[in-house]
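As annotated by TrEMBL, domain 'Alpha-D-phosphohexomutase alpha/beta/alpha' applies to 13-156, 186-293, 302-429.
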Amino acid sequence: MNKELRDRLCCRMTFGTAGLRSAMGAGFCYINDLTVIQSTQGMYKYLERCFSDFKQRGFVVGYDTRGQVTSSCSSQRLAKLTAAVLLAKDVPVYLFSRYVPTPFVPYAVQELKAVAGVMITASHNRKEDNGYKVYWETGAQITSPHDKEILKCIEECVEPWNGSWNDNLVDTSPLKRDPLQDICRRYMEDLKKICFHRELNSKTTLKFVHTSFHGVGHDYVQLAFQVFGFKPPIPVPEQKDPDPDFSTVKCPNPEEGESVLELSLRLAERENARVVLATDPDADRLAVAELQENGHWKVFTGNELAALFGWWMFDCWKKNKSRNADVKNVYMLATTVSSKILKAIALEEGFHFEETLPGFKWIGCRIKDLLENGKEVLFAFEESIGFLCGTSVLDKDGVSAAVVVAEMAAYLETMNITLKQQLIKVYEKYGYHISKTSYFLCYDPITIKSIFERLRNFDSPKEYPKFCGTFAILHIRDVTTGYDSSQPNKKSVLPVSKNSQMITFTFQNGCVATLRTSGTEPKIKYYAEMCASPEQSDTALLEEELKKLIEALIENFLEPSKNGLIWRSV
């Protein structure tokens, strides 16, 4: 079985957009006891170099509920081994005594002033996967050059040290602390900063259904609702408790929409609940559905929810701001593949909007900079249903997002307005932003590379396309090479990201489309958005134009049949 041995043993996992992520199993390119020990040894070596007070400040370790019976590999076991490596080197470790939402780790890193932290999770990936997500002392995920340097350190100490396997240390070492109750209490206390209508919440007649997708979210969302004064949301019984097999869903990703929300929607209908909230298995992302007058469910996209969050967070800021608060000091952020709706709101209302590279690590780092410079950040998001309200955590957070949506819905209910109706109001005021995101599967890295290289040498060498079918292209930004035709010096303002492919096209008709590879899966994703001005209110026309543009994009730039791409199936 030479090929399989080669695949398993001749390459090592690298840091993608979300740390290390791979299937659980044997081999250096998989997640297992050994690769987690190696990764932690590399982390130790690097942190020792970066922080003279490493052994005073310590390290945070959290985990989700994933696991594999066949290999007895579980997030909890991997978290214990991570802790053991550090405890054996006399580093204080804050190891959560039970599973927690991913946002608790970056929150704990900041609150406990630790030098770094790791969350063992593969978020919404398939059940076979697990991951090792690293946060820096700032509370944001690591970015370059830390990721490269840690990988170098991992390769320098691949042989397990004496004591690295000793997971008994977790029970015996005086250096191990359990931050669970303290962090949970502080987190829930901080939630109050983004609660504006506690009185109203306690009286609302609205009912909410929450599903935690067999993951970690149930207890924490229940607590958050309590903090906001709500009655507890109705849990989906089959999905409320952890189940590493995710036995009721084809894939544990609430982003897939109605097909995976089946159980929660049926429960909501029986319970007469109008709003469904779904946190993904590690509770850092949130999907929302609302029952419409016609009896159909509206599952909001990440971009639509962001339009609502953006409106809500700014509206609450305006109504509660202090006298001397300056709107020019206020910021909202989004990744570059996300909707430009916050940009439209910012232009109209006078606050700042900024874009970052895809991945919440870039948002987290930028928020940290802004806060250090005395700025106020109200909201940040990425289109793949990742939201951050306020700045207590510097990563996406499905727990706080769930309870903020509930408060927004309860507030709108007092005026007989649904979330969907409010979304239309936002679009009517700031301009319709209609977007569509999807992907193709491609298991051949060479094919993926050739698709993007063709775009860089389209009609002749080093020439990007000027048209996509009949659609004229106004600007092109390629963050893989650092090119941006809209800048005077033709250089991209966003950092160059050589190890992933991403090209954005701005069209003359106001549409913006991005093609990029996924950092965690074998996918080519496309994101297309029609950004209309408030005068253009014929949505059917805008949708038709967007549809034609996407067809042209797929046919001319991706060429699925020629390249053997597999269409996304829902």
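Note that Cβ sites are derived from N, Cα and C of the backbone, with glycine treated the same way.
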Original post:
By DSSP, what is the split of the domain 'Alpha-D-phosphohexomutase alpha/beta/alpha' (13-156) into helix, strand and coil residues?
Top reply: 54 helix, 35 strand, 55 coil
Original post:
DSSP helix, strand and coil counts for the domain 'Alpha-D-phosphohexomutase alpha/beta/alpha' (302-429)?
Top reply: 71 helix, 22 strand, 35 coil
**OP:** With DSSP as the yardstick, break the domain 'Alpha-D-phosphohexomutase alpha/beta/alpha' (186-293) down into helix, strand and coil residue counts.
**Re:** 47 helix, 17 strand, 44 coil
**OP:** Can you check how the pLDDT averages out over the domain 'Alpha-D-phosphohexomutase alpha/beta/alpha' (186-293)?
**Re:** 97
